[in-house]
Amino acid sequence: MWPRSAPGAASARRFVAPTLALSIALASVYWTLPEDLTAWRSAGIVAGWAGTGLLVASLLLMVREARLARLLGGLELSYRWHHRCGVIAYILLLCHPLALALDGWAEAPQLAWQTLDPRAQSWPLWLGWAGLLLLMLGLASTFAVHLPYRRWRSFHFLLGGGVLLGLTHVYVLLGNEQLLLALLLIATLALGWRLLASDLGLSAHPYRVTQVEKPAAGVIEAALAPCAAALRLSPGQFVLAAFGDGPSFHGCGEYHPFTVSSIDHQGRLRISVRALGPCSRHIQEVEAGVLVRLQGPFGSFLDDVRWAPQLWIAGGIGITPFIAELRAQRCSQPTTLLYLYRHAADALFLEELAAASREDAQFVLLTDASGSGLPDVDRLLAQVSRLRERQVHMCGPQPLLATLTAALRQRGVSAAAIHFESFDFR
């Protein structure tokens, strides 16, 4: 089983990713701090190197590796800082030629226009402009929330090309700088790992589907057995799974996140999949014998369940991390599960949850079928005793999480006590 963190460890790791990014950016600036130059030229050089350092940090933060993700506070947090670093770096790199142009303007306006006109520049400077253009296209895709995933991923890879072009631009202009070679090495290794180990699945663990059940309409629970070394998981963690082909099933081949709903000591596990998108709808037809490649485990969602009273709130398929915890062990702290769903036919594992509440005095189950409307959050939270003393873990649709978070904060629950994973990896 994947080791769980002590109290406070997860909170401390939230600062690792921004600290790493800031350290790389500051080291880049310090190493190349300009001397005896005009103010605008110095500002342009500092902006260029700070942006370059942040871009390299953003590539490092997109590496999809379980131990690194845990160190950085989780895959979702790491990706969030990857996005932030990319945006800030792009702004700094835009300021780089503008500051140099303003430096030229102080001498002669014509020099400023020459600085910004690629037609009047040599090919090393063309590399810089090309890198900036690729960064612009890649970043534009990150804000296109309705762009299909495959197209979004293709555009996003332009960011890596932009970084390499930018580093090559600096290398040709400055020559064999130790810092530059170090940044180029980090960028190349990060891109290589992401492409080969993660996207092409060379680091994935092979599993095979042994059984498929349909606990509710539009949902399957697939039992997976390891074909080689098994993953070490804890309840609450998720894996990235890519389904292959079977006799009458053809997998989409893409890695998607699925929370594990059951784990045993032989390394066998179960994942629950609701038909939400094109790939997950296709997976509803998966059959026994299909090969599945798994990456992970990721997440520390339920790491603190042994240290404080709990409130678990699940919406629909969001019940999976909690059923995994209940299947693994009895509750060691007073725990209330609030399970929300639209109709009884949509609910998963209701009988199993009811049995757990009868057998475990520490575990209280509250359910609510809201139909086509929103759940009555005020009424439901009023049923939870000692609300402010509990650690709150939520899993479900984004609108529901936002509503619940606001309601909990109004009732005095601290932001640090509210935990959720939204699987927002764009």
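Cβ atoms are placed via backbone N, Cα and C, with glycine included.
Secondary structure of the domain 'FAD-binding FR-type' (202-304) per DSSP (helix as H, G, I; strand as E, B; remaining residues coil): 6 helix, 48 strand, 49 coil. Taken from TrEMBL, the feature domain 'FAD-binding FR-type' covers 202-304.
Taken from TrEMBL, the feature transmembrane segment applies to 12-33 (among others).
The annotation transmembrane segment is assigned in TrEMBL to 39-63 (among others).
Tertiary proximity for the transmembrane segment (84-106) is limited to same-chain residues at least six positions away from its ends with a CB under 8 Å from its CB atoms, namely 21, 38, 40-41, 43-45, 47-48, 50-52, 54-55, 57-58, 61, 112-116, 128, 132, 135-136, 138-139, 142, 159, 166. Residues or ranges marked as transmembrane segment in TrEMBL: 84-106 (among others).
Among the features that TrEMBL reports, transmembrane segment is placed at 126-145 (among others).
Under the heading transmembrane segment, TrEMBL lists 157-174 (among others).
For 180-197 (among others), the entry in TrEMBL reads transmembrane segment.
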Over the domain 'FAD-binding FR-type' (202-304), what is the model's average pLDDT?
91
